[in-house]
Amino acid sequence: MSKDHHVRAKKNLGQHFLTDESIAEKIADSLSYKGYDHVLEIGPGMGVLTKYLLEKDVTIHVIEIDTESVSYLKNNYLNLADRIIEKDFLKYNLKEVFEEQPFAVIGNFPYNISSQILFKTLEMRDQIPEFSGMFQKEVALRICSKEGSKVYGILSVLTQAFYNATYLFTVPPSVFNPPPKVDSGVLFLTRKENYILPCDEKLFFRVVKTGFQQRRKTLRNSLKTFDLSDNLKSNLIFDQRPEQLSVEQFITLTQLIENDINS
Ligand code: SAH
């Protein structure tokens, strides 16, 4: 492929190429670049963001599923060539590259898998101190929202249990080729100092996911499957609906359930 032959956007891969250099630079500048030596970009496409990342004083790795984008990157970013992982981010075992080292994650994500990208990040939280990314605006707002908000949900609680989440800025469809149908939003996550929860973490995930399955119901109703004692269920916390509980209250709730199950 010639150097200036551009990648044809493929819908099934969620390809919307960013055309605004100043936004790419702003996204690259959103990480602190402190506390880790490696950064992984997911879905670099033609490298609009990668180019600014390569200016930073860290080692840049990219993971890209699209063969055509990979050959474009190999032709245009010669110094990146041996750090291009041609794989599906969701399936690839990142320990093969990073072993136990910490790394930050960044990208203008394919929107069809952006929640799954976040879940995989949460699973690897031990190694990921920072995360910056472009989502569909509505999803980015949801991840950063607080209890009491209409959009507060599973993604908000699970993310904010481990990370401080900041919504940075909105990006309009007009700066992409082809333009998506919706606005985009960039968010920044920085891992909390105490990101080990004072409760059973597996149970915490189950409590949050089950609680939000029926968001209009009280927790007493939606957590029935946990087979809790009548004594515990009389606790006033069960009168609430999931969207009213802060992250800390979800942790307390998990502790109560843990004690109840074990007694
Ligand atoms: N970062 C580029 C491209 C964004 S479009 C830009 O801002 O212009 C999203 C990119 O993610 C595409 O290049 C697409 O091929 C890639 N992609 C889609 N699914 C992927 C997956 N499962 N793993 C890795 N990359 C993926």
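Using N, Cα and C of the backbone, Cβ positions are placed for all residues, glycine too.
Note that the structure is a prediction, hence the values are computed from the model and not measured.
The following features are taken from TrEMBL:
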BINDING   HIS16, LEU18, GLY43, GLU64, ASP88, ASN108  S-adenosyl-L-methionine binding site
DOMAIN    23-193  domain 'Ribosomal RNA adenine methylase transferase N-terminal'
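Listed in sequence order, the residues of the same chain lying 6 or more apart from LEU18 (S-adenosyl-L-methionine binding site) and placing their CB within less than 8 Å of its CB are ALA24, VAL48, LEU49, ASN108, VAL175, PHE176. The average pLDDT computed for the domain 'Ribosomal RNA adenine methylase transferase N-terminal' (23-193) is 97. Within the same chain, the residues at least 6 positions away from GLU64 (S-adenosyl-L-methionine binding site) whose Cβ sits under 8 Å from its Cβ are GLY43, PRO44, GLY45, VAL70, LEU73, ILE84, ILE85, GLU86, listed in sequence order.
Residues HIS16, LEU18, GLY43, GLU64, ASP88, ASN108 are the ones the record ties to S-adenosyl-L-methionine, and the longest Cα gap between any two of them is 21 Å. Other C-beta atoms found within 10 angstroms of the C-beta of HIS16 (S-adenosyl-L-methionine binding site) number 22, with every protein chain shown included. Each of the binding-site residues GLY43, ASP88, ASN108 was ranked by the number of other C-beta atoms within 10 Å, and first place falls to ASN108.
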